[in-house]
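Features of the protein shown, as given by TrEMBL:
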BINDING   THR54  pyruvate binding site
ACT_SITE  TYR141  active site, proton donor/acceptor
ACT_SITE  LYS165  active site, schiff-base intermediate with substrate
Amino acid sequence: MSFATLKRALQGISAINITPFAHDTLKVREDLLRENIQFLKDHNMNVIVPNGNTGEFYSLTLEESHKVNSIVIDEVQGQCQVVAGVGYDEQTAINMAQSAEALGADGVMIHQPPHPYISGEGLVDYYGSIAQSVNIGVVLYLRQPLLSGQEINQLKKYENIVGVKHAYTDLQKFGELVKTFNDWDAVWVCGSAEAWAPFYYAAGAKGFTSGLVNVEPELSRNLLKALNDNDRDHVLDLWYKIKPFEDMRNGRNSSYNVSVVKEAMKLKGMNPGTVRPPINELTKDNKSEVNKILENWASTVSTRS
């Protein structure tokens, strides 16, 4: 089976959509989720990733995760690639992956399990079991340096592993991995969003993940184009604009990651619903800071294409 379309899409922007929750019941709002996906489609996202961390994956029940996938795939209507997040224990992740495949997902992204006792060998078995349980593409999500080069090499045998979302920002190690596996046609994606994308690109990445696209997709699209054009000045100009937003998302041990995105969406006139515990809404001062960032963008966002 060829995964050329998905691999090509992964070299663009992987949009991590939000999951809107009702303010009173905290239930998933299907209508608002469809609005969010339509917005991402309208701005020509290459990949949409339901059940990512910006989508509050670990706040969803398995039934809700399935529902989110179903809504997103139905709303996308084949207009871009859908890569659904899966995880938890091995059998649950397999069930989630097979369910996503049955719904029509183009691929799955395997969350690195938040287990306190993980070995590299065990993680290879975990990823491998899930990959061989489906016939669609698989993206590995690496948030910690748990796999050695030798262990990554063992995963090359799974032909449907099409990408690696690398997100632990050890750029020297990342560059070494890209060079070591230059004969592997899996796509090495910057998994740490726009703030890290220029540095990942210098080390060999193609494509990046984004939560910013839920708010200001043109900033992300302009950055992608500047990176692909090797336009250093434009890359830096955009990076300086984006960085305050991403710095806020990374604040307090990244606990503001989703809250900042949803607050910015509200300020842009969208309705992202609320967040669900253990995430909390921003303070009044934090909200004011987000507003200042958006005001700055309104006066300085580059329209260069």
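Note: Cβ is positioned from N, Cα and C throughout, glycine not excepted.
The recorded positions THR54, LYS165 differ in how many other CB atoms lie within 10 Å of their CB, and the one with the most is LYS165.
Distance between Cα atoms for the residue listed as 'pyruvate binding site' and TYR141 (active site, proton donor/acceptor): 14 Å, as a whole number. A separation of roughly 5 Å, to the nearest angstrom, links the Cα atoms of the residue listed as 'active site, schiff-base intermediate with substrate' and the residue listed as 'active site, proton donor/acceptor'. In the three-state DSSP classification, THR54 (pyruvate binding site) falls within coil. Around the Cβ of TYR141 (active site, proton donor/acceptor), 24 further Cβ atoms fall within 10 Å across all displayed protein chains.
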